[in-house]
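Q: Sharing a structure, written as structure tokens. Questions coming.
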Amino acid sequence: MLLPLFFFFFFLLHLHLSSSSISFPDFQIIDVLQPPLTVTETLPDFNNTHFSDESNSKYTLRLLHRDRFPSVTYRNHHHRLHARMRRDTDRVSAILRRISGKVVASSDSRYEVNDFGSDVVSGMDQGSGEYFVRIGVGSPPRDQYMVIDSGSDMVWVQCQPCKLCYKQSDPVFDPAKSGSYTGVSCGSSVCDRIENSGCHSGGCRYEVMYGDGSYTKGTLALETLTFAKTVVRNVAMGCGHRNRGMFIGAAGLLGIGGGSMSFVGQLSGQTGGAFGYCLVSRGTDSTGSLVFGREALPVGASWVPLVRNPRAPSFYYVGLKGLGVGGVRIPLPDGVFDLTETGDGGVVMDTGTAVTRLPTAAYAAFRDGFKSQTANLPRASGVSIFDTCYDLSGFVSVRVPTVSFYFTEGPVLTLPAKNFLMPVDDSGTYCFAFAASPTGLSIIGNIQQEGIQVSFDGANGFVGFGPNVC
């Protein structure tokens, strides 16, 4: 379990509709603790953890962070951090390769379902994604852990007969034992929506290659997924017979990206592309949540326009205009966060990337602003991808400056301290949890999103922050 940071509750989250009329707390007070690394011995019981509010058609599933999975252990925080950063570097490289290519997806969908949701779990220790949900696949439903990914569109699970499969926590799904499994024909319009599709004995074959060399290959099918009491029929899903890569522990992947083949896209006729999540903080025994449907959109959130990139329709881009430290807006180059007409640059919100990446010029100014306001704290050597670290081993508590994101049309998001200053070892070393991007693309990672209610209104093109924390 990573070392926790504690801070005054009233400083936890500040969301304002106008950056010009609201002043921010300049500093947060945090306690410095160094508890030993612990490993969860068993997975949480998810049989009774689905919950829903049927009175307003909102259904919620738990999100589990990968730190809760016991199959991979770490010697210490240093070992855990470096493994996580290696995966994070692969993830960022994969995103950059995908955006540099030409990806086209239609926005139509034939699939509808009532609003529903799921709890969210993190999958860090499994070598796969960051967060997991528990979903019933087939009829009768077989519960499976699936990675959620806001930057992917495909829904898939490993399937029998499994010619090449990685190790997963649950038995591999057997379509022969499901009464609702239906193969998709080559001539189907659903098959046409798969970028890399083919034909075999009249059936639609799919292939998804991920940027780190991972892949899934198999048969495209229509299958039933079950969320608590909600049954979702005819979901276009990949039945993977050959799978390899960083998915160990999960049965497959639930793509919730912006494309038509994602789970969100397939349900857009009913839900309007509305969903929300609250990512559980790393190193805790709590769970987050993933909620689908219009009822998932909270009253009182601060809304930021989504920006569409035709070259990368799977990703959720937002308009970011500035950065602040200690209540002071940092001078940045003009247009450093803009999405160009050619699809370069811009700012992506991603659940699969841990550490927020910023263009080098923006990161350097941001980092230097933070360093100038923490000059009283003893510095430590850089760790992994972090170049700004502090030795807090001799402190009981420290005072650190506030960090803020300034978004298009006014909203400002001020982060809790644990979302920008994180422990990286057992000795009291904390690092500024941002890094430079090798290109003009910025990525807001899950560390910066943890504990904040995030909502997407796909029909109207907005993402909301707050008003609640979790």
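In case you wondered, yes, glycine gets a Cβ from its N, Cα and C as well.
Sequence annotations record features per position, and here TrEMBL assigns signal peptide to 1-20. TrEMBL lists 131-466 with the feature domain 'Peptidase A1'. The active site annotation in TrEMBL covers D149, D350.
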Q: Across the domain 'Peptidase A1' (131-466), what does the mean pLDDT come to, as a whole number?
A: 91
Q: How big is the Cα-to-Cα gap, in Å, between D149 (active site) and D350 (active site)?
A: 8
Q: Who sits close to D350 (active site): which same-chain residues at least 6 apart have their Cβ under 8 Å from its Cβ?
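A: Listed in sequence order: R91, I95, S150, G151, F315, Y316, I443, I444, G445, N446.
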